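Feature annotation from Swiss-Prot assigns active site, proton donor to 66. Annotation comment: Swiss-Prot describes 15, 37, 64-73, 126, 187, 196, 216-217 as substrate binding site.
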């Protein structure tokens, strides 16, 4: 694995809400990370302009809005995301087969087999555990539920999933090697676990076979963010040899 290939695995969670911060972080980190994750707070505050600014600075975008609605609404929102030129965007697998399949059908009709952003299905949020599922009436262990949702997403034609690193081996076994897996819940050894309950280090996550790692505060809160990003890349390369 080259350094560029290792860098491509790193998605920086751009958890800001001011447009000036978007420009600052994109300009600083575009050469040092593979992608920037734009979530609900930033997109609600700044809209598509945040995506365009990152792209202007040479960065790729993971639009993390987790669509979950009736099938046509999600399909149309996904189409607009793809038209923005983002590399990844997502929806909730819990929205069901019809919602996911309609989205893929709509994208395929628009892009006619051409290159487009990859659509991912969120399985179970990394802040969730067995008790969280039981509280909403799901009496299935987290790993089993994650695999169930991943298989449903694959059946619907979705390109991959967002899942905790602990479930990556199970998803790989169930869904195959050509199914993208993006994992949050990744924290270098020097960082705290924050609000995510199912976590791993970057080295551990890559070792399990994750394609992309979402990392935010360990880079953003570091005294020297560029050095923190490069240290994570070093760790990924060490794992791969």
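Along the chain as shown, the residues are counted starting at 1.
Glycine residues also receive a Cβ, built from the backbone N, Cα and C atoms like all the rest.
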Reduced DSSP assignment, the residue listed as 'active site, proton donor': strand
Alpha-carbon spacing, residue 216 (substrate binding site) to residue 66 (active site, proton donor), which is rounded to whole Å: 18
Residue 126 (substrate binding site) in three-state DSSP notation: coil
